[in-house]
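Quick look at what TrEMBL annotates:
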- C:1-111: domain 'HotDog ACOT-type' (DOMAIN)
- C:ASN9: active site (ACT_SITE)
- C:167-281: domain 'HotDog ACOT-type' (DOMAIN)
- C:ASP198: active site (ACT_SITE)
- C:293-324: region 'Disordered' (REGION)
- C:296-306: compositional bias 'Basic and acidic residues' (COMPBIAS)
Amino acid sequence: RIMRPDDANVAGNVHGGTILKMIEEAGAIISTRHCNSQAGEPCVAALARVERTDFLSPVCIGEVANVSAEITYTSRHSVEVQVNVMSENILTGAKKVTNKATLWYVPLSLKNVNKVLEVPPIQYVRKEQEDEGKKRYEEQKLDRLETKQRNGDVIFPIINPEPHTVGYSQSSLIHLVGPSDCTLLGFVHGGVTMKLMDEVAGIVAARHCKTNIVTASVDAINFHEKIKKGSVITISGRMTFTSNKSMEIEVFVDADPFVDETRERYRAVSAFFTYVSLSKDGKPLPVPQLLTETEDEKRRFEEGKGRYLQTKAKRQAQLQQAAQ
Amino acid sequence: RIMRPDDANVAGNVHGGTILKMIEEAGAIISTRHCNSQAGEPCVAALARVERTDFLSPVCIGEVANVSAEITYTSRHSVEVQVNVMSENILTGAKKVTNKATLWYVPLSLKNVNKVLEVPPIQYVRKEQEDEGKKRYEEQKLDRLETKQRNGDVIFPIINPEPHTVGYSQSSLIHLVGPSDCTLLGFVHGGVTMKLMDEVAGIVAARHCKTNIVTASVDAINFHEKIKKGSVITISGRMTFTSNKSMEIEVFVDADPFVDETRERYRAVSAFFTYVSLSKDGKPLPVPQLLTETEDEKRRFEEGKGRYLQTKAKRQAQLQQAAQ
Amino acid sequence: RIMRPDDANVAGNVHGGTILKMIEEAGAIISTRHCNSQAGEPCVAALARVERTDFLSPVCIGEVANVSAEITYTSRHSVEVQVNVMSENILTGAKKVTNKATLWYVPLSLKNVNKVLEVPPIQYVRKEQEDEGKKRYEEQKLDRLETKQRNGDVIFPIINPEPHTVGYSQSSLIHLVGPSDCTLLGFVHGGVTMKLMDEVAGIVAARHCKTNIVTASVDAINFHEKIKKGSVITISGRMTFTSNKSMEIEVFVDADPFVDETRERYRAVSAFFTYVSLSKDGKPLPVPQLLTETEDEKRRFEEGKGRYLQTKAKRQAQLQQAAQ
């Protein structure tokens, strides 16, 4: 569809969150269709995880985003979908790849939302495709277990923070979940959550460097728990790490199903977003260094540095491979 | 994309206006892309006309609408686009044709919005395709001239109207044109206007018969004049004719560019919408007859009857042709 | 959240209605959460009244609005919430207070929408806080009774009105209430209604003075009756008074639950909005005087003058108090 002014920031760059939302909608359609392709209980595919996603080039207002999706692996209870986004300037005809994303979905029964159904297997052209898919499946399963640990963290507000400290840029947003945010089952679309997460992360990044910022990448996001219609969700973000030209922001989503007495507030999602700062002609700008004060902040900075160096090393390995 | 609660009425049927808006967006993308496919001045395709469109079957919340578009004819300054909409129930896999629409676009220069540019010609597989296209082009050109005449009409409010009279159900809506309603040129998307027109027509129909109503068809719509960002548009609708099971509503769009002092309020678009009333299980219901009071109302009723009988005759001729 | 192009007028100033909607959402969340904090029937807090609200400074596209809410008083069946809005330019870090609003909510049972539940009492730090709250509670209760009287008024259209008369700028808008406009109980959010009211009032003001206008204040708004999903609401506005630099517009909301045959159209809300006209550099401009023609118009002008002088006197008293 055509990108509109509301999809973009003041400089005309489309929010990463808008792209994530479109990716997720495409993934939900193709995986729901696949899981209902055999006779049996009708189901809706729910987003369980999005793998790390790089935003290769910014999209602008007036461009058309073309989204294509393909199922690349099925386990017994989950579907892996690859989604590609191309942005096309329909005036010049220029096309560029914006994103390649990998999403995992799980089919939930329409009659009983807590029942996970079986996924019809797909046919692989080559045996290796199945093996590679299986390897990706095992890896993401492991990673999902790990992030569950990290989830106790809460963001406290700081009074009169100094510029460039963690407390100075941290932000949070509350949203009341309405009907258009939800699937047929009455739970929030993963894409809606990701769009709000990107919005908060963008505010944190802009507060820190006070320039035009764009989403560069999103670390793997795990959706631990469903969020019901009528819940209030609090999305909080804080900066964890800065390199010379990038900022890493941790985002938490907490859901408060406050009309449902049986449940306490719970952590539904958490993720890391990376932003870069752009000059008026679209070049990356240096980023002010994050000032860490507490022990926890220093620890999170080091952990962020670890993720940054790991990603950098992976990318260089890929470039070398490609060059060979 | 997946149809959401906000796209639909209380009974879960997607508004015809939502479908029209999607059709128009697809048409605008394919024709803008085509008109910029040759070197020359960059341009944006503006909607000039939509041919009569039938809504073959209602679309429901949760279904996926697939829109495909194809250029079928080009004249020197205009492009004909055929758009098909299929709705797909991704739970059952059932697909049905929802709409087939024909739209005409005109390329306007990005630098000078009053300049109409030349359209690169398309290649036809068979010579007859070009001849048939040319015939459709001449017909719509003639029809556009004719509707221009009808445009002086204004809707006056009636105090304490009786049920089932024209004054009882007539309605109007004002809308301030915002940035997301507009193209790159700063003029309202044709699809946005059609969505508002359908909204008003739907309110007129519901006020008349007080049941669940759905759009059955839209007569050819001509877009006489562009509407600028920041304008206030008034969309007014009145019932003109009822058959046993359908209602015809005339809709006018008037634009008031009130921040631009040099222009008066003007008629931008007008069209006829046909609605049917549906029971809870989706069967067509009888419609209360429209009570006409003034001479003008009686004349418009007769004209509406003429259009109704003409359409009916055409459809029967097509059915007979198909049966042969 | 970040203010988007669609939240603002052509000059980039965010609509007062967008701010009102955000205020009401914050108030609804905090009061619903409070009313569900004790074991008992689950409920949703419904807006009963908004006290007079001044817009202290305009907010622009790209700024972040920070909304904070606090419960300041509880009676047996109602909750008073204070909401503060700060706008923050995240590029410069500049913050300013935009609004301070006081809202009253009433808890309605989720199982039976006509049942008003009891509100858990809050703890006051000082005894005077409770006494002052009680005084505010009694005052608003009295005022709610008074406005009920004024509600018979209807706006009639005028044919070919002269510029600057009441008939020239009066406007009305219809809106079909969709799912996203509603709470879990299926009734329109107070904030949605206020946003539409501000939209109509803004169009009246702009038609009168044909310049960029912004909301300066809103008089106390009482929500007499709930509005159900699927209703058509008509929002009408007319100018009642002009001072040298401000315009007062009266706005009515009438609801037409036309699929529910047992109910007639009824007046749901009414309120006065005050607007000022701004030059391109944001300075207040003189406003053309309103031309009153009928006896009713002259009477309403005098009443508006009374409200204007009263507010002015109150503000000066506050300034003197502050100076002492």
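Cβ from N, Cα, C; glycine included.
Counting residue by residue with DSSP, the domain 'HotDog ACOT-type' (C:167-281) contains 26 helix, 54 strand, 35 coil. Cα of C:ASN9 (active site) to Cα of C:ASP198 (active site): a distance of 12 Å. Using DSSP to sort the residues of the region 'Disordered' (C:293-324) gives these counts of helix, strand and coil: 29 helix, 0 strand, 3 coil.
Sequence-distant neighbours of C:ASP198 (active site) (same chain, six or more apart, CB under 8 Å from its CB) are C:HIS15, C:GLY16, C:GLY17, C:LEU20, C:THR215, C:VAL218, C:PHE273, listed in sequence order. Here the domain 'HotDog ACOT-type' (C:1-111) has, by DSSP, the following mix of helix, strand and coil residues: 23 helix, 51 strand, 37 coil. Non-local neighbours of the region 'Disordered' (C:293-324) in the same chain are 165-167, 217, 219, 240-241, 243, 246, 248, 250, 272; each lies 6+ residues outside the stretch with a CB under 8 Å from one of its CB atoms. Within 10 Å of the C-beta of C:ASN9 (active site) we count 19 further C-beta atoms, all protein chains included.
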